[in-house]
Amino acid sequence: VLIIAVLFLTACQLTTAETYSRGRQKHRARRSTDKNSKWTRECTRSGGACYSHNQCCDDFCSTATSTCI
């Protein structure tokens, strides 16, 4: 009987959480887009100025000329 009660309460919580999140889906999607844009790496194309390899799209920065190759 205890196991059935626990399963019932768990199902109620999951249903309530799903119903509650439907009304907030627009805001949730916008937030995930903002987070993704922060994770997107901007890079300098070949011939552009650079100071380290991770700035270049091809991951190679010439230290002699400070340009992406």
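Cβ atoms are placed via backbone N, Cα and C, with glycine included.
Summarising the annotation, Swiss-Prot assigns signal peptide to 1-17.
For CYS43-CYS57 (among others), the entry in Swiss-Prot reads disulfide bond, with the evidence type similarity to another entry. Every protein chain shown contributes to the tally, and the Cβ of CYS57 (disulfide bond) ends up with 14 other Cβ atoms within 10 Å.
Positions annotated as disulfide bond by Swiss-Prot, on the basis of similarity to another entry: CYS50-CYS61 (among others). Counting only same-chain residues six or more apart in sequence, the Cβ atoms lying under 8 angstroms from the Cβ of CYS61 (disulfide bond) belong to CYS50, TYR51, SER52, HIS53, GLN55, THR67, CYS68, ILE69.
Marked as disulfide bond by Swiss-Prot: CYS56-CYS68 (among others). A sphere of 10 angstroms centred on the C-beta of CYS56 (disulfide bond) encloses 20 other C-beta atoms. Following the DSSP three-state reduction, the secondary structure of CYS56 (disulfide bond) is strand.
The DSSP secondary structure for CYS50 (disulfide bond) is coil. DSSP gives CYS43 (disulfide bond) a coil state; it is part of no helix or strand. For the disulfide-bonded residues listed here (CYS43, CYS68), the lowest count of other CB atoms within 10 A around the CB belongs to CYS43. Secondary structure at CYS61 (disulfide bond), as computed by DSSP, is strand.
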